[in-house]
Amino acid sequence: MDKHAFTRPQTTLSTYLHDTDLYWKDMTIPMPPTSYVTDLVYTPPDGGWGWVVVVASFISIGFAFSFPKSLTIYFKEIQEHFIISYSEIAWVSSIMMATTYAGGPVSSVLVNRYGSRAVVIIGGLMVSAAMITASFATSVMHLFICVGVIGGFGLAFNLQPSLTITAKYFFVKRPIANGLAMAGSPVLLSVLAPLNQFLFDNFGWRGSFLILGGVLLHCCVAGSLMRPIKIKPAVKKPTHQSVTEVDVTHQTAETINRQGCVEKVNRFIDLSIFKHRGFLIYLVGNVVMLFGFFAPIVFLVPYAEQHGIDEHDAVLLLSIFSLADTVACPGTGFIASTGWIRPNIQYFFSFAVACNGVCHLTCSLLSGYVGLVVYTIIFGLTCGMVGALKFEVLMDLVGAHQFSSTVGLVTVIECIPVLLGPPIFGLLVDIFKDYKFIHFTSGGMLLTSGVFLFIMNYYNYRQLENKEKASKKELQISSANELPAREEANDKEAAVNMRSEEATYST
């Protein structure tokens, strides 16, 4: 094997696939045999206007992930205004994040029908209108509906289309592109945190919500930059099914109708993905992870204030977290594009999740503001790693051609832990009056998820490897059995040709 196979530039899809295949042959760790095989009917440009799309996705994804977290600055004032508990006010951001995830299937259907550009623009208008309406709320239920439900759907229409169109423009450089796009979350969080504090000090929570409604119109600008990629349809080759032809006359009308319904559903959402073992492993691991992933971020400022930190210094922790997250996202994308990590990206993701869990478990060991800053930096770095890899590993499993439908199914299932996580942890705070239990519980969940993903991916790749070896062995046996028959047929053909030549010679 060429030792420099992964140090030279990789500019084409075919070269990348070839070099990756050579690389895997020398690997001792179980590998995904079809991890980089793609049935795309076009070659992604891996650049050009794709970088403009990355900038647009940077804005859309940034608002989708950072905006619900940044609203925690207003929670204390809203809590006192409506005279409610902390677990109740935590439902605002929780419903918004959950709706962002639950709107995935709807967003997938709309993207497949109308494209990413139109969906993102509509989403920007929805979340903007939601925040403007919320500024006139007279009860916390109004906030649940406006900010949580309507705003959440608006953010859903920003998140999934941005991920989908980025996957269409890139393949070889896809980890880097995803890392840069996902960096929008920490960058905008670092901007929104001090901005929200400034707005709150000068305009209160109602005036701030009204102004934020105008700020969110930037999502519409981002959507206008998402130019659809031109794809030439592939010419389907005729297939011969004479051997396996099915006689539809023997099928009942009920069976035909059932098949027709399944085909209509699969046209929008591909449910066959639930037969994919690697996808199920990813889904289970992520559901466990998300139960504890958002709570430490939501309660970071209150946790610091409980330890006697000034309000403005506590808010500064969000900016420090965002800065570390910003560095980690593109850095992780670059590392994930290297020759050794790209084939092992599933293991790399499990490592990032486990590190995030260990970070929370050790949080209580650090004391004072300096200790909180150290914890926040490590927390931001590990969050950036998870964020940059979360959807990249899903693309690695299912391919860009299935990603649009699959990500919708993933997000609607993940909305359950996203919805229940922060309120459950808020209830722990109401019961124990101490935020350290949040870090212990969430850290344990994240560590469990990371270990689960590593072990199960190892098992999955071992099974795939054994299956591939068995297929090759069967092919060899089949070829060996057919060899005598081929030799006999060749001998007969040679004998016939010899007789024909002798007859011609005699004549």
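Keep in mind that glycine also has a Cβ here, set from the backbone N, Cα and C atoms.
These features come from TrEMBL:
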COMPBIAS  484-507  compositional bias 'Basic and acidic residues'
DOMAIN    52-468  domain 'Major facilitator superfamily (MFS) profile'
REGION    478-507  region 'Disordered'
TRANSMEM  48-67  transmembrane segment
TRANSMEM  114-134  transmembrane segment
TRANSMEM  140-159  transmembrane segment
TRANSMEM  180-199  transmembrane segment
TRANSMEM  205-226  transmembrane segment
TRANSMEM  279-303  transmembrane segment
TRANSMEM  315-335  transmembrane segment
TRANSMEM  347-367  transmembrane segment
TRANSMEM  373-391  transmembrane segment
TRANSMEM  403-425  transmembrane segment
TRANSMEM  437-459  transmembrane segment
Folded-back contacts onto the transmembrane segment (437-459), same chain, C-beta under 8 angstroms, at least six residues removed: 29-30, 278, 281-282, 284-286, 288-289, 291-293, 295-296, 299, 303, 346-347, 349-364, 425, 428-429
Ranked first among 48-67, 140-159, 180-199, 315-335 for CB pairs under 8 angstroms with the transmembrane segment (205-226): 48-67
Within-chain partners of the transmembrane segment (373-391) [C-beta distance under 8 Å, separation at least 6 from its ends]: 65, 163, 175, 178-179, 182-183, 185-186, 286, 289, 293, 296-297, 300, 317, 320-333, 336, 345, 348-349, 352-353, 355-356, 359-360, 362-363, 366, 407
When counting Cβ pairs under 8 Å to the transmembrane segment (180-199), the leader among 279-303, 315-335, 403-425: 315-335
Leading stretch by Cβ pairs under 8 Å, where the reference is the transmembrane segment (315-335) and the options are 48-67, 114-134, 279-303, 347-367, 403-425: 279-303
Cβ contacts under 8 Å made by the transmembrane segment (403-425) with residues that lie 6+ beyond its boundaries: 87, 90-91, 93-95, 97-109, 111-112, 156, 159-160, 163-164, 167, 268-271, 273, 279, 282-283, 286-288, 290-295, 298-299, 391, 394-395, 437-438, 441-442
Outside the transmembrane segment (48-67), six or more residues from its ends: residues with CB under 8 Å to it: 96, 100, 120, 123, 127, 155-156, 158-159, 161-163, 165-166, 169-170, 177, 180-189, 192, 216, 218-219, 221-223, 225-227, 322, 387
Beyond the flanks of the transmembrane segment (347-367) by at least 6 residues, Cβ under 8 Å: 29, 285, 289, 292-293, 296, 332, 335-336, 341, 374-375, 378-379, 382-383, 385-386, 389-390, 392-393, 436, 439-440, 442-454, 457-458
PLDDT averaged over every residue in the domain 'Major facilitator superfamily (MFS) profile' (52-468): 83
